[in-house]
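Engineer: After the structure tokens below, expect a handful of questions from me.
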Amino acid sequence: MAAVQAAEVKVDGSEPKLSKNELKRRLKAEKKVAEKEAKQKELSEKQLSQATAAATNHTTDNGVGPEEESVDPNQYYKIRSQAIHQLKVNGEDPYPHKFHVDISLTDFIQKYSHLQPGDHLTDITLKVAGRIHAKRASGGKLIFYDLRGEGVKLQVMANSRNYKSEEEFIHINNKLRRGDIIGVQGNPGKTKKGELSIIPYEITLLSPCLHMLPHLHFGLKDKETRYRQRYLDLILNDFVRQKFIIRSKIITYIRSFLDELGFLEIETPMMNIIPGGAVAKPFITYHNELDMNLYMRIAPELYHKMLVVGGIDRVYEIGRQFRNEGIDLTHNPEFTTCEFYMAYADYHDLMEITEKMVSGMVKHITGSYKVTYHPDGPEGQAYDVDFTPPFRRINMVEELEKALGMKLPETNLFETEETRKILDDICVAKAVECPPPRTTARLLDKLVGEFLEVTCINPTFICDHPQIMSPLAKWHRSKEGLTERFELFVMKKEICNAYTELNDPMRQRQLFEEQAKAKAAGDDEAMFIDENFCTALEYGLPPTAGWGMGIDRVAMFLTDSNNIKEVLLFPAMKPEDKKENVATTDTLESTTVGTSV
């Protein structure tokens, strides 16, 4: 209406004169809107009244509360909050400090699943706890609960005859709703139909759920809600819990594997004066006491190599890295990596270690070397990824020449402007996008992504990168212009990067200076010159090989997840208020189109 009125305002600001028919039409429309609002308000008040009555009436369906769950979620929250407040007024504590648990739900099921239908072990009393996911009444004296926790379900069969009095039975069970966390004291048993249950004589409310819990039958499928309210996702979706158990197993396996090889786990700073160790755009923060900007680490590499200089020959770190770059299905601004550095080794040694670690991890976690993966989601095409060693190995430049069907300049000429122009022309001819700055390194990276990475379904080592793409890697001992580096790709995605480390301080400083020129030319991802690191190299870094793995992507493959948010407990999300502001702006823009004079 406001947009219509705005459109009808005259240039001189005076109100337009409406015809009788138009005035009548508008009054009729306004009356209709008012009647609709009044009717909705009356309906809401009626629902609220019914639900409140159900919440306080102890004779209604033993408090299962279908009337409550038919109301608006906001009204449900109000009703539930009032009920919990009333418990406090009556001297009851809905949030007790402690409840002793004798046995987990998992152990209970394992220990008593052998019982026969109709068994009731009255001589065994146990305490268990969990969250109510369903509540069903069978008459006035028998109530069943589905108690969930630890990824399993146990039935609670509450019978009034097992309580001190029927009044006590009614009182406690009327307090409980779906979503509440309860403690149950009772006996193991099985129903006549063979359902393993705990048969209580006492139930304690440990923490009420004030919000209406979605029904398990419908589940929680909205991804936006799942990622923003991960706790709710975990409550309702058992498969989510399993994904994070697998993620934890991946980290545990890697840590154990490296420990057995004699590596020392270390911790290095997450805030750095100079961001180094990778080609990436950093986050910037500010230190009040030092009165200076600091950079969140993009990689821990340089610190690790300093420790190898100091005589710790085998080091590793599992931790968070931060890169101020895009968010998509495989990238998150903060992510988890494992990096290790091994003195007296080269990239050939690390390829063997990688094969053993990755294939062993897949076999340990899944029971097989083969994993089924759906890159486009559950409804898309399935791929069988075979992690059986040895993995395929290809030379980057040679394979790129085969894929392009043409010979590239000699690798010792890759740093020339002529080579850059040739690669630029190839990208244009092949319709390969490369945002500026169109440096040789970036052009090569885009071509490799377009023609080589897409062929890597099973684990594949892409080896011997050009020096211009690898400022921290050591030059190839037999191929000028290349480095002793490899990347491991699975399902077209990189999961590992490793190389024989550059330990010549003069050469390292020269490469840093070339990176500085690239940064000056507009490449935000180019490296800074790190003088402290160069000084450390001057004390002598032994022949060393370094390795890094993206834990999140490995977790994606082993949990069959095509979105990195599925394997991050709390992924980066745009704030909801910001989203609302954007939506409001869009709405305002759409309603004011054509209204300008």
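Backbone N, Cα and C atoms are what each Cβ position is placed from, and that goes for glycine too.
Annotations per Swiss-Prot:
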type	residues	note
REGION	1-71	region 'Disordered'
MOD_RES	ALA2	N-acetylalanine
COMPBIAS	9-45	compositional bias 'Basic and acidic residues'
COMPBIAS	51-60	compositional bias 'Low complexity'
MOD_RES	LYS88	N6-acetyllysine
MOD_RES	LYS141	N6-acetyllysine
MOD_RES	SER207	phosphoserine
BINDING	GLY277, GLU301, GLU339, TYR341, ASN497, GLU501	substrate binding site
BINDING	ARG323, ASN324, GLU325, HIS331, ASN332, GLU494, ILE495, GLY550, ILE551, ASP552, ARG553	ATP binding site
MOD_RES	SER590	phosphoserine
MOD_RES	THR591	phosphothreonine
MOD_RES	SER596	phosphoserine
Engineer: How long is the line from the C-alpha of GLU301 (substrate binding site) to the C-alpha of SER207 (phosphoserine), rounded to the nearest angstrom?
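Structural biologist: So the Cα of SER207 (phosphoserine) lies 46 Å away from that of GLU301 (substrate binding site).
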Engineer: Quick check: of the recorded positions listed here (LYS88, SER207, GLU339), which one has the Cα closest to that of GLU325 (ATP binding site)?
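Structural biologist: Closest by Cα: GLU339.
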Engineer: Could you check which of the recorded positions (LYS88, GLY277, GLU339, TYR341, ASN497) sits closest to ARG323 (ATP binding site), going Cα to Cα?
Structural biologist: GLY277
Engineer: Reduce the DSSP letter at SER207 (phosphoserine) to three states and note it down.
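Structural biologist: Its secondary structure by DSSP: strand.
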Engineer: List, in sequence order, the same-chain residues at least six positions removed whose CB sits under 8 Å from that of ARG553 (ATP binding site)?
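Structural biologist: Expected: THR330, VAL490, LYS493, GLU494, ILE495, ILE564.
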Engineer: List the other residues in this chain whose Cβ sits within 8 Å of the Cβ centroid of the substrate site residues GLY277, GLU301, GLU339, TYR341, ASN497, GLU501, in sequence order.
Structural biologist: ALA299, PRO300, HIS304, LYS305, LEU472, GLY546, TRP547, GLY548
Engineer: Whole-number answer please: how many Å between the C-alpha atoms of ILE551 (ATP binding site) and TYR341 (substrate binding site)?
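Structural biologist: The separation of the Cα atoms works out to 17 Å.
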Engineer: By CA-CA distance, flag whichever of LYS141, TYR341, ASN497, GLU501 among the recorded positions is nearest to ASN332 (ATP binding site).
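Structural biologist: Of all the candidates listed, ASN497 is nearest in space.
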Engineer: Consider each pair of residues in GLY277, GLU301, GLU339, TYR341, ASN497, GLU501, all listed by the record as binding substrate, and report the largest Cα separation in Å as a whole number.
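Structural biologist: Overall maximum Cα spacing for these binding residues reaches 13 Å.
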Engineer: Roughly how many angstrom lie between the C-alpha atoms of GLU339 (substrate binding site) and LYS88 (N6-acetyllysine)?
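Structural biologist: That comes out at 53 Å between the alpha carbons.
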Engineer: Using only the residues recorded as binding ATP (ARG323, ASN324, GLU325, HIS331, ASN332, GLU494, ILE495, GLY550, ILE551, ASP552, ARG553), report the maximum Cα-Cα distance in Å, whole number please.
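Structural biologist: Those residues reach a largest Cα separation of 19 Å.
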Engineer: When you rank SER207, TYR341, ASN497, GLU501 by Cα distance to LYS88 (N6-acetyllysine), which of the recorded positions ends up on top as the closest?
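Structural biologist: In terms of Cα distance, LYS88 (N6-acetyllysine) lies closest to SER207.
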